[in-house]
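First comes the structure, then the notes that go with it.
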Amino acid sequence: YLESQVRVGFFGSGVGLSLVLGFGVAYACYYLNSIAKKPQLVASNDRFCRFLEEYCPVVTETYYPTIWCWEGRVQTLLRPFITSRPQVQYRNELIKTADGGQISLDWFDNNDSSYYPDASTRPTVLLLPGLTGTSRESYILHMIHQSKVLGYRCVVFNNRGIAGEELLTPRTYCAANTEDLEAVIHHVHSLHPSAPFMAAGVSMGGMLLLNYLGRTGRDTPLMAAAIFSAGWNVFESIESLEKPLNWLLFNYYLTTCLQSSISRHRQMLDKLFDMELVMKARTIREFDKQFTSVMFGYRSVDDYYEDASPCRKLKSVGIPVLCLNSVDDVFSPAHAIPVETAKQNANVALVLTSCGGHIGFLEGIWPRKCTYMDRVFKQFVQAVFEHGNKIFSM
């Protein structure tokens, strides 16, 4: 009798099993009611909306974040470790700039493309990584993998001095100065003038691309653009990242990454900057105050942040742009997303998810191969290249 009672135990008695099932049901109800939601699609142009609904339906479907890591900061931290890194063979090209510097471009030519065997007309996607990112970032590799399947060519714009190339002048990059991006866009277009051409930017790469589009309007060889996890208002982004937990998880680490990216060029940069002071920075704001704003001739770091904020140029964007943000992204707080401004430009569509973090957007039980962001990228790029004539008459 005693032996049989011991065997019953916690779960055998039915109490433990009932508690586990009850918790599971309660969590499932909470997840389905509060976490898994359809994204908010913000667009003033009905034709653009219908275009997205028909050819990029993922933006209207319920997004189911990974059930065990849906919180924004957790998604942001885990994506680089969870997602796979597809193998990509690049062809590197170094191009000269007007000031004597050089830019490193990594090409994925996709010469085995069966859909577009003619290289002169093969669609081209220009990819812009984030703040300290290069062509080796997992999200860039996934974009190239998606493009490879569709038969497209990709070229990754690596910011100056960040991808292993030498810094020939004491100048790196920032989110506001679009001169290098303009040079790259015109270089790529000149090599393949008959090829359909669009761009996709992630995080700071998205901010840079938006600032370029805001300055050029319709005067660009790009057909359209996709923007992912851009920081719309730099003041709000920096303030969010300086909150204690966010500083501990993201701000300090990114500051050290910025310092590391310029440390090997110190001999060149020592000529113009107090590098001892730059290397003592403990926040992105301090780094930008001592280095970035000085390099690009701003009177103060606030002047730089004002110029770098894409929300101030969104009204001037002159080509179709799809922007994906998560409202729980600490790098771009929900209240800083320019929803009302976007409604005033027929070329702009915002897709806002309730979860996803910063370049996270993990989905599925084990989100290793594909994310919601990857699916948005693939569908929108394909829609533009194959059905774009339906929105270019807007």
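Glycine is no exception: its Cβ is also placed from the backbone N, Cα and C atoms.
According to TrEMBL:
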type	residues	note
TRANSMEM	6-32	transmembrane segment
DOMAIN	123-364	domain 'AB hydrolase-1'
ACT_SITE	Ser203	active site, charge relay system
ACT_SITE	Asp329	active site, charge relay system
ACT_SITE	His358	active site, charge relay system
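Each of the active-site residues Ser203, Asp329, His358 was ranked by the number of other C-beta atoms within 10 Å, and first place falls to Asp329.
Across the fold, the C-alpha of His358 (active site, charge relay system) and the C-alpha of Asp329 (active site, charge relay system) stand 5 Å from each other. Cα of Asp329 (active site, charge relay system) to Cα of Ser203 (active site, charge relay system): a distance of 11 Å.
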